[in-house]
Amino acid sequence: MKPRSKKPWRFSHFQRRVLKAVIHLIATGYLVALFYLGVNDQLGPDPVDALLNETGIWAIHLLFVTLLLSPLAKRLPSPEPIKFRRMLGIYVFVYAIAHFFTYAFFELQLDWHLLTSELVKRPYIVVGMVALILLMALTVTSLSVLRRKMGKQWQRLHYSIYAILPLALLHFSWSQKTFWQAPIFYWLIGLIIMRGRITRTAAKTVKRLKAYQ
Ligand code: HEM
């Protein structure tokens, strides 16, 4: 019997465009609906808190999906998941920046003096800020022209996506004042998604250490 050729599976151009349009519709639609309901006082007793929670948690959900795309591409195998990586990565940033704006506009009311005391009182906000700055750097440099210009530096910078996940999870757990309940599940999901990369990095480190001996 002839061995079956392992041709990578692909979407047609049309299918890919439809799927991207659906993702845009859901991701933008949900954010617009959240702010519409929040501004019109229809998000429960504390709309600012609800907005903060929803934008923050969905930034993490989208980050999970973005990080799953590379292992998925290898597993299928197919180049298709990678074609959605940039788009979903940008939505992680959009939700995270919406989360920051909610905090700055609605909670702080743009009182920047208050921010200083907040940073001392709630240091997890500093962790969130570091994650947001890294996300911003990745989003800005996701432009093809910058990718070409930056060469090898681009790849190095984009590895910081693996630092953003633990930073975001630390910020989340700290804001909840516990690692138990919801945060522990998120850490577990994060570990499962990162398991391949963690084992590869550990193996490389062991190899390097052995080479030095
Ligand atoms: C400048 C950056 C950031 C600021 C100022 C900020 C601010 C805050 C604040 C004040 C809370 C507490 C809300 C509460 O008291 O219930 C919070 C919670 C949270 N933040 Fe952030 N954050 C930032 C960045 C991020 C980023 C980058 C992510 C994710 C990628 C994130 C995800 C979350 C999550 C998941 C929560 C918990 C929401 C919940 O209670 O369910 N934050 N953040």
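Placed from the backbone N, Cα and C atoms, the Cβ positions cover glycine too.
Nobody curates TrEMBL annotations by hand; they come from automatic prediction.
Listed in TrEMBL for this protein:
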DOMAIN    55-168  domain 'Ferric oxidoreductase'
TRANSMEM  21-38  transmembrane segment
TRANSMEM  58-76  transmembrane segment
TRANSMEM  88-106  transmembrane segment
TRANSMEM  126-145  transmembrane segment
TRANSMEM  157-174  transmembrane segment
TRANSMEM  180-198  transmembrane segment
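Looking at which of 21-38, 88-106, 126-145, 180-198 has the most CB pairs under 8 Å to the transmembrane segment (157-174), the answer is the stretch 126-145. Residue counts for the domain 'Ferric oxidoreductase' (55-168) under DSSP, split into helix (H, G, I), strand (E, B) and coil, are 98 helix, 0 strand, 16 coil. Residues belonging to the domain 'Ferric oxidoreductase' (55-168) score a mean pLDDT of 96 in the model.
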